[in-house]
Number of protein chains: 2
Amino acid sequence: MSKNTQPLSDIEIARNATMQPIQDIADKLEIPSDHILNYGKHRAKISREYVEAQSDRPNGKLILVAGITPTAAGEGKTTTSVGMGDGLSRIGKKVAICLREPSLGPCFGMKGGAAGGGYSQVVPMEEINLHFNGDFHAIGAAHNLLSAMIDNHIYWGNELELDCRKVTWGRVMDMNDRSLRQLTVGLGGVFNGYPRTDHFDITVASEVMAIFCLANDLKDLQERLGNIIVGTTRDGKDIYARDIKAVGAMTALLKDAIQPNLVQTMEGTPCFIHGGPFANIAHGCNSVIATKTALKHADYVITEAGFGADLGAEKFFDIKMRKSGLKPDAAVIVATIRALKIHGGAEQDKLGEENLKALEDGFVNLKRHVSNTRKFGVPVMVALNSFSADTQAERDLLLGLCEQAGISAVESDHWARGGEGAEALSQAVVDMIDNEPANFEFLYNAQLSLWGKTRTIAQELYGAEDIIADKKVRNQFEALEAKHGDLPICIAKTPLSFSTDPLLKGAPSGHVVPIREVRLSAGAGFVVVVCGDIMTMPGLPRKPAAESIYVREDGEIEGLF
Amino acid sequence: MSKNTQPLSDIEIARNATMQPIQDIADKLEIPSDHILNYGKHRAKISREYVEAQSDRPNGKLILVAGITPTAAGEGKTTTSVGMGDGLSRIGKKVAICLREPSLGPCFGMKGGAAGGGYSQVVPMEEINLHFNGDFHAIGAAHNLLSAMIDNHIYWGNELELDCRKVTWGRVMDMNDRSLRQLTVGLGGVFNGYPRTDHFDITVASEVMAIFCLANDLKDLQERLGNIIVGTTRDGKDIYARDIKAVGAMTALLKDAIQPNLVQTMEGTPCFIHGGPFANIAHGCNSVIATKTALKHADYVITEAGFGADLGAEKFFDIKMRKSGLKPDAAVIVATIRALKIHGGAEQDKLGEENLKALEDGFVNLKRHVSNTRKFGVPVMVALNSFSADTQAERDLLLGLCEQAGISAVESDHWARGGEGAEALSQAVVDMIDNEPANFEFLYNAQLSLWGKTRTIAQELYGAEDIIADKKVRNQFEALEAKHGDLPICIAKTPLSFSTDPLLKGAPSGHVVPIREVRLSAGAGFVVVVCGDIMTMPGLPRKPAAESIYVREDGEIEGLF
């Protein structure tokens with residue numbers, strides 16, 4: 001293949017983009033320049049004072065982009081969010097996109113960048129992927145300050161009588177580092193504290209991250225931080241972050257970070273990228289503050305939820321909407337023919353071949369996600385994210401299957417053509433919002449028991465027959481019920497299947513969801529129900545992406561993606 | 001005392017300051033606005049492309065501010081640096097100040113802020129003290145990426161045959177956290193790596209920090225990072241960061257951080273604050289890149305060295321000047337009457353009382369620092385940093401003692417009066433530079449043996465009779481001599497005395513300096529000679545400052561200082 005026909009990599013496409021000064025992007029949202037805090041030429045934060053003063057303005061329309069059950073083939077939720085933002089801009093709408101911030105860890109592992117792809121990207125991509133405006137570092141510092149103050153409290157006499165075997169608050173680092181998953185700290189003698197078992201999570205798994213993303217303002221943030229439970233006394237009394245007196249300093253560390261970040265797509269559409277909690281042990285959406293800021297300044301706001309809609313959209317609706325008081329106006333479910341073929345039994349290495357049978361069989365996955373999402377009273381549009389290998393017969397088949405099932409679906413070619421490729425999709429979503437007003441409802445009532453809420457999710461969305469747990473876990477449910485029974489549920493399970501078995505593709509039914517553990521995130525305000533192995537500190541692969549990254553003589557970074 | 005007469009705290013004074021837009025500050029140095037990367041309204045970085053393109057411009061005059069041996073009474077090196085910057089501005093000079101960035105850890109412990117004090121402060125103080133422009137977080141991430149890649153290399157088969165008992169590269173966190181001083185990582189089974197002993201240092205103690213501050217440009221940075229030794233094989237072969245293939249990604253993480261940060265004093269004098277290595281196991285000066293940038297844009301550049309001049313100035317001259325090729329034009333030694341009285345035997349709680357005897361006895365400390373500094377061929381001015389409790393008799397005595405000893409000294413009242421209070425000092429230093437051209441020389445020749453260099457420092461500057469070490473340490477010297485014998489020495493000893501006994505005040509002589517350990521910082525390019533207990537991970541005090549920090553309703557931070 002000659003150099004001319006070699007497709008450009010994401011980083012090459014991003015580097016060729018002409019960026020507008022960030023003030024020009026803010027002008028599109030009519031945010032006064034006094035309140036734009038520049039971070040370099042092409043990144044900004046919007047001042048907290050300004051953000052908090054906009055609460056009386058009306059909201060634009062909120063559009064959630066979610067996906068089918070993820071496969072190795074990828075679906076392109078971020079790319080579609082970006083493409084639709086550009087598409088809406090092109091058809092004359094005032095629009096803002098809200099995305100999560102990427103984590104450093106996966107960047108050096110194998111995941112690659114998290115700012116879209118092809119001609120639907122957010123820029124400046126290198127800066128967004130490396131440090132960005134420092135939010136994750138601030139969150140890590142706030143988390144670890146609390147950790148240090150806990151051990152310091154124990155060291156100086158332990159007035160609160162924390163049981164050092166029952167300190168649940170670990171430490172965090174924004175790195176994929178398996179060696180830190182389990183460790184013994186405080187070794188080396190009296191001057192180094194009390195030896196005890198500890199663990200590091202990756203920063204995105206920190207409860208501080210979840211709190212940061214659910215807080216409505218700085219005051220709310222400070223209150224929620226105080227509610228973090230760091231461990232218990234020997235007789236089981238909860239000890240809170242506020243007991244450790246860490247909360248004011250943690251808030252001071254987060255004061256600037258809490259201001260939403262503004263960047264742009266390659267076509268100049270405003271994009272807020274702010275916060276990025278794990279989508280398993282947390283809720284997996286960008287910050288409430290960014291979403292609210294976007295809604296106050298744009299007529300259409302596109303945002304994204306992690307994993308498939310069974311996890312991402314459910315948490316977006318039942319956790320983020322509940323905590324923020326916001327309501328969604330529409331949902332877009334992203335699907336690809338390649339991924340649906342995997343759900344229908346096709347093999348990864350044969351996705352280049354037409355396979356109508358597999359596509360038809362795999363369609364059940366999409367259908368389930370659409371019907372799940374409709375249960376929240378939200379109108380749904382399917383975005384068929386085009387790949388060049390899709391055949392005409394496959395595309396006709398999928399669109400036909402959607403039509404038969406009463407599902408609106410539009411093809412979108414934004415990866416290759418940017419906003420132009422997403423115009424039809426964007427117009428269809430606008431029309432849907434005009435013609436089909438949402439009647440949003442949470443899936444479950446907050447007054448249901450924690451067990452009842454969990455069962456509702458499993459039965460209604462996962463197609464499960466029931467949930468099960470051993471006596472110890474059921475006792476945990478019971479113990480939490482008294483004091484925290486009104487909290488929403490955050491399910492941590494494999495994203496790779498509706499069931500808890502990652503190999504069960506398509507739309508399995510009648511399975512049972514075994515619950516392994518329950519964890520309280522009292523600061524974030526949800527109960528994490530763990531179904532399966534959940535990794536909160538990834539490791540690096542045999543050949544980490546980091547080995548190929550370098551800085552060229554001219555200062556450009558190579559190998560990042 | 002009524003509220004009107006209550007003196008304002010540093011943070012209150014700083015908050016009352018009217019800041020100029022950072023572009024106006026850059027204009028004073030004639031740095032084109034295209035190359036100013038704003039970080040909020042009052043902080044900026046200067047673009048790397050621009051900085052690296054200025055190398056042919058002539059340098060301004062370089063003035064080092066160092067101190068007498070520190071005591072609990074404080075000397076005020078940073079405050080004097082800031083005051084002199086403002087003083088030089090007031091007498092019509094084009095000036096820039098170069099300081100170190102503060103570390104988060106001490107902020108939450110008991111040290112308080114590190115941006116000057118009284119009416120000689122750098123602003124915005126809260127932002128400079130918390131996160132600033134993210135450099136320390138970037139340095140921490142680069143350090144810990146290497147750590148993760150080391151353990152990952154071992155995990156995936158250990159092709160380099162690193163002996164996991166001999167990995168010397170630990171991990172870092174920008175926190176005072178004694179529990180992390182010694183730990184066991186890699187616990188929990190096969191999937192979590194190999195169990196081994198490890199340690200965390202505070203980020204400022206990272207060799208990456210020292211490298212960052214000594215690098216002349218990005219390319220030099222990348223090369224030096226590659227030279228970091230991370231451990232050895234079982235048979236003692238050094239393994240380098242470049243063998244781990246971490247260097248490109250580490251450089252990518254540091255690409256933005258390496259750009260010098262520009263802020264302002266309360267009087268609008270330009271101030272570069274960039275880098276902040278430990279002054280014991282590293283050299284304790286701000287970055288070479290910032291100092292060079294300042295010298296290319298100002299006629300007078302004031303910079304500061306950590307601890308007393310025996311450590312700070314010596315390392316500034318013998319390490320920073322050697323690595324950068326720069327030459328100093330003058331040195332200012334900061335002294336206070338209070339501190340000299342402690343050196344003369346006065347007690348801390350009686351410093352409010354006039355004590356001419358103690359002052360006269362303590363003068364030897366100042367005298368030694370002046371004569372030490374003159375050994376480098378640099379003209380010296382003493383800045384007598386005024387305190388309101390100083391009596392007229394004490395001031396007369398000290399100035400008289402200086403005159404008798406042939407030492408130029410000027411009183412300076414910048415803490416209370418800002419630049420106006422430092423005008424006389426500033427004019428005196430300008431006159432000294434005009435009349436007494438420096439004839440700078442390193443204290444020792446690079447070709448001396450490592451042992452010989454160490455002895456020269458101890459005998460010439462500390463007044464020691466000799467240095468001693470046991471066989472094991474002497475063998476270490478010998479082993480390093482062959483391959484690294486040409487490196488300069490970085491002495492890690494107590495800053496509280498010329499000797500290694502922190503209780504020996506004044507100017508002890510004839511003592512012996514026992515060497516406990518030698519460490520090679522091959523990337524930074526010096527050999528650390530450890531004389532005494534050196535703490536590279538501080539702990540928090542019984543009542544950490546963090547407990548008193550909070551964010552007010554209006555968003556202002558209280559309790560930080």
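A Cβ is built for glycine as well, from the same backbone N, Cα and C atoms used for every other residue.
These figures come from a predicted structure and were not determined experimentally.
Copied from TrEMBL, the annotated features are:
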type	residues	note
BINDING	B:Thr71, B:Ala72, B:Ala73, B:Gly74, B:Glu75, B:Gly76, B:Lys77, B:Thr78	ATP binding site
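Here the features listed in TrEMBL are painted onto the structure.
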residue: B:Thr71; record: ATP binding site; Cβ contacts under 8 Å, 6 or more apart: B:Arg338, B:Ala339, B:Ile342, B:His343, B:Leu496, B:Lys505
residue: B:Ala72; record: ATP binding site; Cβ contacts under 8 Å, 6 or more apart: B:Ile342, B:Gln348
residue: B:Ala73; record: ATP binding site; Cβ contacts under 8 Å, 6 or more apart: B:Thr336, B:Arg338, B:Ala339, B:Lys341, B:Ile342, B:Gln348, B:Leu351
residue: B:Gly74; record: ATP binding site; Cβ contacts under 8 Å, 6 or more apart: B:Thr336, B:Arg338, B:Ala339
residue: B:Glu75; record: ATP binding site; Cβ contacts under 8 Å, 6 or more apart: B:Gly67, B:Ile68, B:Val334, B:Ala335, B:Thr336, B:Ala339, B:Asn385
residue: B:Gly76; record: ATP binding site; Cβ contacts under 8 Å, 6 or more apart: B:Gly117, B:Val334, B:Thr336, B:Asn385, B:Trp415
residue: B:Lys77; record: ATP binding site; Cβ contacts under 8 Å, 6 or more apart: B:Val65, B:Ala66, B:Gly67, B:Glu304, B:Ala305, B:Val334
residue: B:Thr78; record: ATP binding site; Cβ contacts under 8 Å, 6 or more apart: B:Leu99, B:Ala114, B:Ala115, B:Gly116, B:Gly117, B:Glu304
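Under DSSP, B:Thr78 (ATP binding site) is assigned to a helix (H, G or I) in the three-state scheme.
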